[in-house]
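What Swiss-Prot records for this protein:
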SIGNAL    1-20  signal peptide
TOPO_DOM  21-479  topological domain 'Lumenal'
COMPBIAS  22-31  compositional bias 'Low complexity'
CARBOHYD  Asn97  N-linked glycosylation site
CARBOHYD  Asn346  N-linked glycosylation site
TOPO_DOM  501-610  topological domain 'Cytoplasmic'
TOPO_DOM  632-643  topological domain 'Lumenal'
CARBOHYD  Asn639  N-linked glycosylation site
TOPO_DOM  665-708  topological domain 'Cytoplasmic'
TOPO_DOM  730-1330  topological domain 'Lumenal'
CARBOHYD  Asn1081  N-linked glycosylation site
CARBOHYD  Asn1299  N-linked glycosylation site
TOPO_DOM  1352-1421  topological domain 'Cytoplasmic'
Amino acid sequence: MEGSYWWLSLLALLAWGANGESTSPAETSPAPTTPNPPVVNPSLRRKIVNQRILSAMGMDSDPSNEALNGVCQSIHSNGCNANELKLRLADFFIDTNSSQCYDEILVKKPCSSLTPAHNSHWVPRGLDKSEVDKIFDTKLKLFFSQSRKVTCLSASALNPSQFVKHFQVKIQETSGPAKQSLRSLHCVNLVWSHSHKGEKEVVHVLQSAVPVKLKNCLAMLNFRQCYYNQQSEGPVVVPSYQHNGEKWVTGAYTMTVEVDKHADGPCEISTTCITEGSEIKPGVHSLRGFKTTLVIHGKRNTGRRLLSSSNARQECSSGTFLGEGGSAQVVGPKNDGPGDHITFCNGSVVTKIRLGQEHGCYTVRRIKTYRNCRPEEGSSACEVDDELKPCGAQKCMNVHLSVKGLVKTSRGSNVQVHSCDKDCLIQIPEGFGDIQIDCPGGTQHYLESNVLDVDCPMYNRLGGLMLYFCRMSHRPRTCLALFIWLGAGYGITCIAGYMVYYAILALSMLTRCLKRKYMVKGDFCLKCEQKCVTSLDQTLHDESCSYNICPYCGNRLPEEGLRRHVPSCPKRKQRLEEIDLYLDYLLVPCPLHFALSTAVKLGTLLKRLSWVTVFLCLFLTAIAPVQGQVTTSPVLPSNQSTECTLLPPPVFLIFSAVLMSKTLKRMGPVNKVGAAGHSARRTNSPKNLYKSKQIANTKSGPREPRRRVVVKALLILTASSALQSIHLAQAFDSGSLPEGAWEEEMQLVQGCNQECSLEEDECSCPDGQSMTRKLLFFKGLNSAASKMASSHRLLTSVSIDTPWGAIKVESTYKPRLASSNIQLAWNSIEEQGDKVILSGKSTSIIKLEEKTGMQWSLGSESAAEEKRLLVSILDYTQVYSSTFQYITGDRTVSEWPKATCTGDCPDRCGCSTSSCLYKSWPHSRNWRCNPTWCWGVGTGCTCCGVDILRPFNKYFVTKWTTEYVRTDVLVCVELTDQERHCDVVEAGSQFVIGPVRVVVSDPQNVQTKLPSEILTIQKLEGNQVVDIMHATSIVSAKNACKLQSCTHGSPGDMQILHTDNLIQHSHDGGLNLADLNPLVNSTWMSWEGCDLDYYCTTGSWPSCTYTGINSENTESFDNLLNTESNLCERFHFHSKRISASGSTLQMDLKGRPNSGGGELSVLVDVKGLELHSKKISLKGLSFKTLSCSGCYACSSGLSCTVEVRIERPDEFTVHLRSVSPDIAVAEGSIIARRMTGGPLSRLRAFAVRKVKKICFEIVEKSYCKDCKNEDTTKCIEVELQPPKDILLEHKGTIIKRQNETCVSGLQCWTESASSFVSGVGSFFRNYLGSITLGIVLTLLPVAVVLLFFCYGDKLFKLCSCFRCCRGLSRGKVRKELDEDELRNKLKKFSKEGELFGKEKKDARTIALLLSGKGKNYKELV
């Protein structure tokens, strides 16, 4: 019974293995080792051996069953002996000979004698399948039993020296928290890795002898040479082996844990938290600890779960993600380096001194590293809400990601990177132009605001009054200032004159008061016995009283009579006042004298002259013509004369959203296909995709004579094909990039090629295929808002010549380009009946600018109708081939010492990288450099090493070599609203529309290109998570280090040549072969001019020092950014996305220079174009239908459907214009037909403000003599919606513009003045009712101005009752005067009684003003 029970157990084990991770028998079974082995299932045989091996590793129970031993021995002879397996297991983990491999029972054999087993069912974490196939079942083993499956690598494949002698831990118990979180963890034996925040947590266990128990956790346990997953509750089992009678275990390991979603509670890690106890020796502490449980709470699921959602959890959304973390490894003789070190000895003490196994210790080194993460396939969705959300005082974009990731926003040269946790609000970047959003995984969105920037001051206020000023002049603010100055300018001038005058007067009086305050008073006169008031009075007494002369009246008196006369002299008061007045004048500086004198004499003249000057300046500025940059160089035959300039991109940029030729009219079966496909893309439901395919097959079959090409809604979901958290042999592989913005633009125009024609909202192609492609346009703003976030549109129409002339996107008043039509000269003009047949050619050059173009007028003086041919450039980009050179950054380097008491130093001082610098000093032991236990003198060795501790602090930089490949241009040619062809011009293209043939050359004369070497830079400030894809800036690389040629400390002295080096020490995602790949260990570091040395400290090992080493070179990169050219300011990059593949980085580099992008040569060849001549008389020209809908002051504008009837001829080309000045309509051609039931014409209009009625008239109505005005003019009532604050997905817009330019200076000024007068007349007519009333009302302020001019001084005398500046207090200041001049004046003063002569009348007036006795300003002027 026992035997049968044992066989039942084996059969159960076999049944379990059939469902486990295993290889097929034919693929993995080795050759039998006995001549006649029993017939045993190879899978069962493998499980028997594996269980015995796991038992030898201490990871499973030993199946000590005699019958099992008998079966195993019958298969492998004595190979199943437990002791033999333990010996072979030790060799498996110890022997580092790379030529040694191992068979099924771990017998060591040369690799040449063993063939790796092919495995198609299992790939261990961290290893690429191609690498697995090379070593599977020879150096890579999968040991599995009923309880666990363990993957191990032999030391011949991986030798990280992680096994250490096992010691029983002696811990002194202490108190501590029973439960704690990882972020509050402070234990010597446990380290939480600060990595990218997610559902997984990484914990490094530094002392494996301390038991760890898991509960409700999903854990991956990485022991460097082995790893296994643990899902059940229980202790962590550490791999071990027996060698020389001692047990060896992994010293440190890494746990990557997350909450088991099927469990009831959080994940709990129960262990002993060890802390430093009492100090036994200097720097050596005993172990002290307490039982604790680390609690990890999982993220609670909110909302419902879709059936189609994947069970796999994912932690990141981009394959180029790098999260900062850490790693821990046991230090051996060949794997030391910089970083924090901690040493455990004999299971009882802990220290930071590096000690090895010879001391019964092992040292663990903590390393700064980055971890890579790969998203699940098809789960990296990125969407942007069309409607803006309030965030504080601003509006923000709402971005949705499937998981947390980095989102880059850019607008012009303003680039920002934001960390987004599934849903986040991002402020709209400052600047002008479209908003580009780069999502994780490479998805791109181009957005623009729906609210159109009508740069007319206060256009939506004052009842639209300001729009008239914007119509009068290209500079509406100047025009507004002109009219304000005309009405109130003179009053403003007068008020300004008063203010200036009284300011000068107040300053003068303040100066006089301050000087008087500190002026020395006069002395007592001994002759006349009178107190002198001032120093000037003192001088007068000295000069007069000495000669017995009265100082005031000048009479000579006896000495006694002088004393009686002077106090009662009748002229004393008058003379003192005169002296005081003169002194006031002298105390004021000369500049103030001049200013006051000028204000008194020329005040009125200055006021009037100022008013006239300002008026003339404002008037000339208001009517001055604007000057743009001409960007065309027409090349025409000598017998042709044309005027050719380009169209203004500002206007085109305006209508990149306003204008489009087609709007949705019918939502038929094809629309059903688009809607179903759109729904399927949003849900990723195979059922929905199949349903949409069925609809397409049933509705678009062979019955349709033409296939329809439909523009697809582009909702791009980032799809990565790698497994989550898996490091490959070429581990850093992000997968392929999705299509970018430029590829989407190309698809839009290539889907509607020149073999197709536009019919309503579709581009129809005549090959009968069932595949369709639809042009998605607006059908009302509400329907647009629901689709904007996930669709791109090709909008096609002519632009609108706005009568107010003030729509702004980049520059309103000074357009970047001048614009005009080319009047094509004809080689032949033939008249046949009522038709004119034209033939001719024209050649011109269009400089490459975004959203610009050129228009030809196809008409003749003898023709009554005219067609307009538009060749427009939607966009263009320069395509570059980029080659990766190296990765660098502002690295931090650190040193470490190693020493031995006897023997040699470790090879390369224990450094295992190619970037370290080391130096050794043999036989360096002496009493000053020895620890207390080392008595050696002249023995041993000392070495120092220095290496990279942290590769990036503030900057992550990549250097590239670029090569210009080509320039792709998106060109569209349009003749009417139903004849429009688009294509991507690479090697020249030809467009044929009826009798018109347009040939566009290759891009030529490209002047601005990217430098041959560039740097992509990412700033890591405040965010230690790196997404290599998101380069924040691109700069030139003139001052960056060349490849492996650099001085130490310069930008680029560290050069990472293999991308796997970035994750070399990451061990939280399975096995990592990156640190073994010889190509990985190829980082280059410049140590030019650097040297190492050491210094001794008695009683301890020596310490290292260095000279010439820059420990951190952040300042070098700061200086680099200040000196290099910022290419983001000179280029608009459609794509600068970076991906990782094949151990290097790749960059999809496409950009458009802001200027100097080149030019296109355009040949227009017209053969037999038929137009109606002026001999024809139109009959029955009238509107049949007209309808408009949309919003006002928004970029989507109004969509109008119109049908024009005519009785004779059968067809005629007409144009529409708006009667209302607040409505502008496109200038495109419309075909008037006699027959009914034809396609309706569609056009775009724009309303600057809300209106209730729209009126259009036919421009060619003058050719219809019998037509009534009500037939050729149509008015309809409309209900316009206000603009919604939404973002529109980027649109390729075909644009058109007609605006004649002047050819001479006089003509420019004349036309500008005429436009000004016309604008004034429009204001009078539309705002005041009539031009006559406007003139009358305008004359009133003019008359008031003339009244002020002629009688201003008289009018101001009415205000003479107002007085000011009287009774000012006087101060005293001492002033030195010329004595001789003063004596002469005083002598004359004694006789005449005046210090101011007749020629000093202005001085007396100023003195009176300063004393407060003069006239006021109004009386003076």
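Even glycines carry a Cβ here, placed using N, Cα and C.
The structure displayed is predicted, hence computed values, not measured ones.
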Hey, how far is Asn97 (N-linked glycosylation site) from Asn346 (N-linked glycosylation site), Cα to Cα, in Å?
30
Across every protein chain in view, the count of C-beta atoms other than its own within 10 A of the C-beta of Asn97 (N-linked glycosylation site) is 13
Starting from the Cβ of Asn346 (N-linked glycosylation site), draw a 10 Å sphere and report how many other Cβ atoms land inside it.
13
Summary of DSSP states over the topological domain 'Cytoplasmic' (501-610), given as helix, strand and coil counts
75 helix, 6 strand, 29 coil
Integer Å distance between the CA atoms belonging to Asn1081 (N-linked glycosylation site) and Asn346 (N-linked glycosylation site)
34
By a simple count, how many Cβ atoms lie within 10 Å of the Cβ of Asn1081 (N-linked glycosylation site), its own Cβ left out?
17
Quick one: mean pLDDT on the topological domain 'Lumenal' (632-643)?
34
